[in-house]
Amino acid sequence: MSPWFAFAVSTVLWTVTLLFCGVGLFWLYEVLVLTRPPDDQPLEYGPDDVQVRILTIDAEDVVQRTVDSLPATLTDRHVIAEEPIAIDGAEVHVVPESFSCEAVRKGRATEWARQALACEREYVLYLDEDSIVGEFRGLPAADVVQFTERPRRTNSWLAYLADVYRMGAQIEQRAFHRLRIPLFAWGGGIAVRHSLEQEITWDRPTLVEDTAFLWQAARNTTVSYALSPDSFANQAPPSLGEIFQQRRRWAAGNHQEADNLPLRYRLLAKHRSYAWAVSPIVPFIALFAAMGGLHLVYGLILQTVSLTLGLLMVVRFILGLHHYEQLTLRSLPLIALVPLAALVHSVGATAGLVAPPDDFHVTEKATDSSSTDRADASPTPPAGRGEDAS
């Protein structure tokens with residue numbers, strides 16, 4: 001093999017490895033040094049201090065199950081819809097077609113609700129249309145309180161396993177209270193002080209309105225952040241096409257919004273975006289490095305580092321299984337699917353950086369309760385069940 005070709009291949013493989021290595025080391029620093037357990041903080045505000053706002057286009061059946069899941073103690077309930085729907089147990093508000101602002105799609109609806117709805121509570125709790133609450137123990141005294149998510153399987157096992165992997169990676173949220181600017185937000189379960197919302201607003205064009213709001217707030221003022229001990233169930237994307245579009249929007253939106261961050265956090269966010277985009281290659285780099293005849297630069301070191309990073313991906317998946325309380329002998333064979341789960345999780349991110357979407361793609365939600373109401377379903381597919389890759 002030509003020395004120049006070997007050098008070119010080595011450069012590509014080392015670049016990918018070092019990108020992911022940097023993110024992996026920072027993730028370990030967050031998890032091992034900065035982490036605080038979510039229940040290690042007093043809950044100073046109760047349900048009487050919270051107004052609930054559920055955002056949807058017109059998914060009546062999905063929203064009804066979300067409203068039905070709310071504890072009876074959460075009494076101030078509002079549904080913000082784009083089209084008229086009938087919901088029992090919550091007041092429905094339809095965003096007027098005439099309403100105009102800089103924000104688009106979900107951000108536009110959220111901004112209209114901020115302007116139009118009276119709120120006498122300390123916090124506004126925003127939920128996605130498919131966020132199943134179940135338990136709500138209260139809120140710590142922070143400006144922004146993030147709830148964790150538990151995506152439940154809909155129609156695609158691979159999309160579900162990709163979300164299991166993502167849940168393991170997102171254990172880093174336990175460290176965000178130590179960062180001046182938390183690295184991302186999940187709008188499907190997030191409580192913000194009403195006064196902060198009024199100051200920052202949601203009126204900005206973005207593909208990731210929740211993260212954009214959090215980053216804007218952290219730039220403008222000193223914002224306290226807390227991770228709630230409560231976890232909300234939501235739906236994993238129902239197909240590989242939907243998870244591709246979802247990750248594409250997330251990656252493109254975060255990458256674009258990072259341009260507004262201070263230099264240190266901008267570099268960190270951009271680095272994370274690039275590492276996410278190339279992460280599907282990481283499990284296979286060790287195979288390239290081990291191939292005879294390639295004569296890669298520092299090939300043995302590359303093989304060792306890439307194998308270590310592959311093990312880090314396995315650790316994230318195992319943490320995801322633990323998040324679901326499904327870390328059992330029966331689920332351990334799923335570890336063999338980690339490269340595939342990482343690929344499904346990341347290929348949309350690659351597309352998001354290469355070809356960012358022009359519009360906000362709304363992830364399809366399943367309405368069949370037999371497949372969506374199993375919040376604690378085992379990640380292990382039943383024997384003989386095929387994967388729907390539609």
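Using N, Cα and C of the backbone, Cβ positions are placed for all residues, glycine too.
Lifted from TrEMBL, the feature list:
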- 358-376: compositional bias 'Basic and acidic residues' (COMPBIAS)
- 123-312: domain 'Glycosyltransferase 2-like' (DOMAIN)
- 357-390: region 'Disordered' (REGION)
- 6-29: transmembrane segment (TRANSMEM)
- 274-294: transmembrane segment (TRANSMEM)
- 300-319: transmembrane segment (TRANSMEM)
- 331-355: transmembrane segment (TRANSMEM)
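Taking Cβ pairs closer than 8 Å, the transmembrane segment (300-319) reaches residues 10, 13-14, 17, 20-21, 24, 27-28, 164-165, 167-169, 171, 279, 282-283, 285-286, 289-290, 327, 334-335, 338-339, 341-342 in its own chain, all 6 or more past its ends.
Across the domain 'Glycosyltransferase 2-like' (123-312), the model assigns an average pLDDT of 93.
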